[in-house]
Amino acid sequence: MDKRHDPSRRIIAPTGTELSCKSWLTEAPLRMLMNNLHPDVAERPEDLVVYGGIGRAARDWECYDKIVEVLQRLEEDETLLVQSGKPVGVFKTHNNAPRVIIANSNLVPHWANWEHFNELDKKGLAMYGQMTAGSWIYIGSQGIVQGTYETFVAMAKQHFNGSSAGKWILTGGLGGMGGAQPLAGTMAGYSVLTCEVDETRIDFRLRTKYVDKKATTLDEALAMIDEANKSGKPVSVGLLANAADVFAELVERGITPDVVTDQTSAHDPLNGYLPQGWTLEQAIEMRKTDEAAVVKAAKQSMAVQVKAMLALQAAGAATTDYGNNIRQMAFEEGVENAFDFPGFVPAYVRPLFCEGIGPFRWVALSGDPEDIYKTDAKVKELIPDNPHLHNWLDMARERIAFQGLPSRICWVGLKDRARLALAFNEMVKNGELSAPVVIGRDHLDSGSVASPNRETESMLDGSDAVSDWPLMNALLNTASGATWVSLHHGGGVGMGFSQHSGVVIVADGTDDAAARLGRVLWNDPATGVMRHADAGYDIAKNCAKEQGLDLPMLEKATTEGK
C-alpha cells in the first residue's frame, strides 16, 4: 500500500473566524497546510504533491493527519518540529518563538544528489519540499506570475526598446511554476506559445484563465500566434507537445521566436521531464522499473532542447534559463556550451534583489476576496508614487483567479515590507479585515537562497555557492519571532544545487503581532541587502546606507575609501 496515495482525500482549508486550533498562530499554519493541498492549488493533491515534480506538503497521509492533530492541540508557548514532512517533536519555547520549524530534504553535501535522495524517499525517510510546497505558503501560479511578468518587462526594455508589441515567447511547461508564464507574458504584452505534454495541465490552465487557447499541432499554434501578432491582441497558446521536439523543429524550419525560455521540471529528470517519444503512461511505469533509463533518456532530450535554445539564441532570440537547471542537465549530457545563455536572475532581476525587493505575498485566512481587495487598496495608499506597482495590482485583480484561499503577490522591498505588514495588522485590529492574514514569500528572494545556477548565479565576488546566507536568514527570522520558518535543500534546481529558507508570519491584529511583524519583515529583506552589499553591489551598498543598516564590514570599507 502506498502511504502517500489516497484518492479519497479532498482537503479544503477552513475559512471564517471560527478556530479549530488554540490561537491564530497555530490556526494559520493549519489552514495554509490545507490550502497547499486544495484541489485548485495542488498538482496532485491525492499524492500530497503540490508542485514542481514531487514537491510535497507532508511526507505521507499519516504524517499529514498527525501534523493537523498536533497543530490543533499546540499551546501558544510550544513549537512543533517538522522533519521532511514528518512531525517529530513538540517542545516548550515561548510565545514569540515560531510555532512551527520545518526542515525539508536537507542532506550532507557529499550525499546531496538525486540518487541518494530517491533511495531515502523510497524508504519513507525523506520528502522533497521544493520551496513553498513543504513550507506551506504556496498560493498557486499567482505566486510566480509577478516575478515572471517583471522579467518579461525587463526583457522588453533590454532587447526591444521597451515594447513587446508583436513579439512572442516560446517556452515549455504548464505545471505549478511554468503555468504562470502564459498569463505573465500576455500581461507584459507578448503572445506566448507554451509546450506541455500533459493535456490535463493545459485544460487546468484554460479553466483558471492562465492560458487562452489550446493547440494540438505546431502549425495550429503558430497560426494562432501569427494572427494575434497581426491583430495586436496578445494570445497565450498551450500546445500539446514535447518541448524538445518543438524547439528543435522551429530551428529546422528557420522560425525564430523573439524570446525563448523554459519552465519544465527539468530539475528532476526522473519525475519531472518526459523524454522525447515517450508517453506519460510509459514514463510512469518505467520510473518503477528502471530509474536510470528514465533519467538518461530525459537528460538526452534536455540536451536536444538546450541545443535548440542555443541555436535560436544564435538566430537572434533573447534566450534565458528560467531557473529549472536545464542548462546543467544538458551540460552533464555533453552540451559543453549549455551555459552560453544566461539565467534570468543575473540578466534581469538582480538589481531588485540588491534593494531587498522580491516576492512578498499575503493570504486572507477569512477566505473572503474582499479582504485582499482592501489590502490592494492599502498598498496603493502607502506606495502612491509607483505606477508600475499600481498597474500590477489592477491587472492582478482583473486577470488572476484566486486558487484556494484568496491571496496576493507583490514585489516590494526593504523600504516597504514591514510598513505594509503593520498596516495590514492594524486593519485586522480595527475590523477592516474580517480575519487575520498570513504574510510570507517565496524562497526565491534576495537573502534567503544559495543557488549557483539560479538566484546566486554569477555573483560579483564569485560567492555563488556560499550557503551561509540562507542559514543565517532562517536563524535570524526564528530569533525575530516569525510564526513558522523553514530550511530546505534542492528547491527549483534539484538536489545538490540549492539551499534556501522560508518565512511566514501572522498579522492577527494584536500588539504582540505588530512587534513581531516589525522585526521579521525588516530583518528578512535586510539580509538580502546585506548579502548583496557584501558581494560588492553598489546598489545594495547604497540601499544599506540609506536605510541605516548596521553592516560592520561595509562601514569599514566606506571608511577606507575616504
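Every residue gets a Cβ built from N, Cα and C, even glycine.
Quick look at what Swiss-Prot lists:
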type	residues	note
ACT_SITE	Cys410	active site
BINDING	52-53, Gln130, 176-178, Glu196, Arg201, 242-243, 263-267, 273-274, Tyr322, Gly492	NAD(+) binding site
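Sequence features annotated in Swiss-Prot and their locations in the structure.
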{"residue": "Gly52", "record": "NAD(+) binding site", "DSSP (3 states)": "coil"}
{"residue": "Gly176", "record": "NAD(+) binding site", "DSSP (3 states)": "coil"}
{"residue": "Glu196", "record": "NAD(+) binding site", "DSSP (3 states)": "strand"}
{"residue": "Ala243", "record": "NAD(+) binding site", "DSSP (3 states)": "helix"}
{"residue": "Ser265", "record": "NAD(+) binding site", "DSSP (3 states)": "coil"}
{"residue": "Tyr273", "record": "NAD(+) binding site", "DSSP (3 states)": "coil"}
{"residue": "Cys410", "record": "active site", "DSSP (3 states)": "strand"}
{"residue": "Gly492", "record": "NAD(+) binding site", "DSSP (3 states)": "coil"}
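Counting only residues at least six positions away in the same chain, the Cβ atoms of Gly52, Gly53, Gly173, Gly175, Asn271, Gly272, Tyr273, Asn324 sit under 8 Å from the Cβ of Ser265 (NAD(+) binding site). Around the Cβ of Gly492 (NAD(+) binding site), the same chain contributes Gly52, Gln130, Met131, His267, Gly323, Asn324, Asn325, His443, Leu444, Ser451, Arg454, Ser498, His500, each under 8 angstroms and 6 or more positions distant in sequence.
Using a 10 Å radius centred on the Cβ of Gly52 (NAD(+) binding site) and all shown protein chains, the other Cβ atoms total 29. Ranking the recorded positions Ala243, Cys410 by C-beta neighbours within 10 Å puts Ala243 at the top. Residue density at Glu196 (NAD(+) binding site): 26 other Cβ atoms are found within 10 A of its Cβ, drawing on all protein chains shown. Taking a C-beta cut-off of under 8 angstroms and a sequence separation of 6 or more, Gly176 (NAD(+) binding site) has the following same-chain neighbours: Glu43, Val50, Tyr51, Gly52, Gly55, Tyr138, Gly140, Ser141. Other Cβ atoms within 10 Å of the Cβ of Tyr273 (NAD(+) binding site), summed over all protein chains shown, number 30. Cα of Glu196 (NAD(+) binding site) to Cα of Cys410 (active site): a distance of 27 Å.
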